[in-house]
Each structure stands twice: as C-alpha cells, then as structure tokens.
Amino acid sequence: MPLLVMKFGGTSVADLDRIANAARKVQREVERGYQVIVIVSAMSGRTNELVGWVEGTSRLYDAREYDAVVASGENVTAGLMALRLQEMGVPARSWQGWQVPINTTAQHGSARFVSIPRGNIDAKFAEGMKVAVVAGFQGVAPDGRITTLGRGGSDTTAVAFAAAFGAERCDIYTDVDGVYTTDPRISGKARKLDRIAFEEMLELASLGAKVLQTRSVELAMRYNVRLRVLSSFEDTDDTSGTLVCAEDEIMESKVVSGVAYSRDEAKITLVTVEDRPGISAAIFAPLAEAGVNVDMIVQNISERDYEDHPGAVTDMTFSCPINQVERARKAMEDARAAGRIAYDDLAVDTEVAKVSVVGIGMRSHTGVAARMFRALADENINIKVIATSEIKISVLIDRKYMELAVQALHDAFELEKA
Ligand code: ADP
Ligand code: ASP
Ligand code: MG
C-alpha cells in the first residue's frame, strides 16, 4: 500500500478544532488508499513555554533534563491526534519517540538520527492500523534517555520517516501555503514559489527561514525524499504548495531566489588579542567545546606595537545565536583565566540581525554583492560583518533595520516578479 508522511506544525494543531481539521486531511488521504504516518508538533507556544520553565529553573541547565521537559509537548498532540482520528473511525495509534524507537545520538538538545527501525509500526499496519501518529522533535539516546532534535525538529522527524518508510511524499502542513521569496510576514510583496531547489532551500533554512528546519532539507536531499510545504488551513490537493526538489526539475532560475533573515544574532569582539599562529584555534576550540555555534568570523588587519602590546595584535569578531552569549563569554573568560588566550576587552553587541540573499544563479552571475550593498547603502544601513558562499551573501546589520533591509533587497532583486 502506498504511504504518505504528513507533518502538522504547532499552529496547525494549536487547539482541538485545528487538530480535528488536520485529522480530516489525514482521513482524506486514508480514503484515497494511503497508509499515513502523521508527525505532530507541540501545540503552538507550548515548546516556548516549556523552554521558559527550564530556563526559569536553571541558568546553565542539564541538557538531559531540558529534553525530558521540552519533548513532552509533542506527546500530548500525538495522543490527541490519534484519539481524534479514532473518533472519526480511522484506525490510528500514537507513538512517542522511544516506542518506535527513534534512535538518536546522545547530543541532548540537538540530537541526530541513528536509526528508525520499522518493525513496530509495520506490525501495526499489518494488523489494520491505517495511521501511525508519531510525536515529532524527539528520540531516544543509546542510554535510553529522551532526546530532542533542536527547535523546529519535527520537520526533520517527518523527512526521516519518509526516508525510512519509502513514502511517496513528505507533506509539511503549516500556516503558510508554501515557501516564499521571503517571509510573507515581513514583506507583503513576497511571492510563493511553485518549486525550489534543495540547495537553495538548504541555504534559506540555515540562514533563518524557519519554514523548514535545515536538517530536514539535508535529509530530503540525501535520501531523495519528495518534500512539499503547504497550508493546513486551506483546501489542498496534489498540486498545492511548494515542492522542494532537485535543481534539474526546475525550469526558471533567477540569480537570487530568496531573502532570509535571522533576528536573534549577537556579535562578540575580543579586543586586542595577540596575533600569532594558533590564536584562532585557541579562541574557537573552547567556544566549540562550550557548544557555541559560531557563525560569521572576521579578524581585523593586525597592528604592530600597539600601545603597550609588543608584537602584533588584532581584534577578533564573531557572531553566534543571542541565547549563547553567556556560554561564549564564560568560555572566553575561562580560557583567559587558564592563560590560553589574552585580550583586553570582550565587547558584546546583542542588537544585530543577519540578512542574506540566496540563489543558485550566483554561481554563474557576478555583481550580486555590489547590487546588495548598493541597496543597503541607499537605505543608509551600515554593514557590520559580511560572509559569502557559492550561493549566498549574508550581512550583519543593526536589528532595527532588519525588516527594511529584507524589503529593500526583495525590491532590488525584483523578487516579486516571476
Ligand atoms: P510550523 O509551526 O508549522 O512548523 P513555523 O513557524 O516553524 O511553522 O514555520 C512557518 C513560518 O515560517 C511562516 O509562518 C513564516 O512566517 C516563516 N517563514 C520564514 N521564511 C519563510 C519563507 N521564505 N517562506 C514561507 N514562510 C517563511
Ligand atoms: N515543537 C518544537 C519547536 O517548537 C518542534 C517543532 O515544532 O518542529 O521547536
Ligand atoms: Mg517549524
């Protein structure tokens, strides 16, 4: 029997009516002859509340207990969804991660899949169950403790199940009707894309477009899962939404296909560090050990014999998620106290955001950076840090200009036009 994976995000299961609405979509696919694996998120706002409770209890919390608390939101919706389907006459059963089991690494808070054995769920399908409702975002570590996959992780659960069960497609139902040229909440001119290449989606997601979790796109690309984003609030059919697919399935390709932003960034500068071989390793190793996700890095041109510093000194600036600033600060202070690095000051700027343009067309076109910087200059927006790759350019700017920058770039690259 053909199988579909259908994932419903937080707003799509925000209350009992919405769960019923999602269940009707599942029922329709069952009536069309599919076995369905439904992946559910926690009700909207619930995961934030759970995270808040953890942080309110312990500042540098034990990640195992964070996972124990934060994974619970999905358990509730899985059970409710199974109950709703049963009420509608659809044979359904819920599964928490450990019951499948969804085996992951022991990296609590950002665990990765190791294996998803099919046996337990297949046995129930063989008995006549039509829908397996699986709690997204969670798994179980080798030692049996509950893990979570990182925020937005239910998308990744969905793609992993689609790969493991050879699903015909993986449908991600959410509160927008597809992937847009930029977040439709920020720009009224954002345009829905019928198709987007895996590589572009991967960059957009990793640069902040939270419509899909980055890992989910990576997995879909690796296992060639047909991945679709569509609305849970509208009537949908096999052609709705946005298909995330291989580059060669896409006819038109613009130089820039999307603009992404990430609001919760911070910039940290180590002022006057000595400039010598090994200094970068001495700075970034302790940050990595502390679990800080360093993103952009700039090192200033060195100055010689600067004031009372003999030899060359430099400033080292890096960006990281704003909620990791305290970890980063502690890692640097500990490294300084241990004599591994020396610096005069650690300056933190928590009022920054990252804005990026993405497009596979950049591989073969020049002038994208110039156009981007011109558009920002015309709005008087100062660029603090720049990073580029083959298909993206990112800038760090003052957060108060973030929305303006997104709109200006959307205009500059004429993304509202097909
Ligand atoms: P869910 O709870 O269903 O997982 P998310 O809130 O995680 O939903 O993701 C959907 C949101 O992603 C949309 O409401 C939208 O604001 C945001 N988003 C950001 N960038 C984009 C984009 N390029 N296209 C569509 N949505 C985007
Ligand atoms: N509930 C989790 C979160 O809010 C996972 C998800 O919704 O994908 O991050
Ligand atoms: Mg999400």
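Just so you know, glycine gets a Cβ as well, placed from its N, Cα and C.
Taken straight from TrEMBL:
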type	residues	note
BINDING	LYS7, PHE8, GLY9, GLY10, THR174, ASP175, TYR180, ARG185, LYS210, VAL211	ATP binding site
BINDING	THR47, GLU74	substrate binding site
DOMAIN	268-360	domain 'ACT'
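The structure, with features from TrEMBL marked on it.
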| residue | record | DSSP (3 states) |
| --- | --- | --- |
| LYS7 | ATP binding site | strand |
| THR47 | substrate binding site | helix |
| GLU74 | substrate binding site | helix |
| THR174 | ATP binding site | strand |
| TYR180 | ATP binding site | strand |
| LYS210 | ATP binding site | coil |
Just the number: how many Å between the Cα atoms of TYR180 (ATP binding site) and GLU74 (substrate binding site)? 27
Could you give me three numbers for the domain 'ACT' (268-360), the DSSP helix, strand and coil residue counts? 28 helix, 36 strand, 29 coil
Integer Å value for the Cα distance linking THR174 (ATP binding site) with GLU74 (substrate binding site) is 16
Measuring Cα to Cα, how far is GLU74 (substrate binding site) from GLY9 (ATP binding site) in Å? 10
Cβ-Cβ neighbours of THR174 (ATP binding site) (radius 10 Å): 24
As a whole number of Å, the Cα atom of LYS7 (ATP binding site) is distant from the Cα atom of THR47 (substrate binding site) by 17
Rounded Cα-Cα span from THR47 (substrate binding site) to GLY9 (ATP binding site), Å: 12
Fewest other C-beta atoms within 10 angstroms of its own C-beta: which of the binding-site residues LYS7, LYS210 fits that? LYS210
Quick test of your reading of the structure: among the binding-site residues GLY9, GLU74, THR174, TYR180, LYS210, whose CB sits under 6 A from ligand 1? GLY9, THR174, TYR180, LYS210
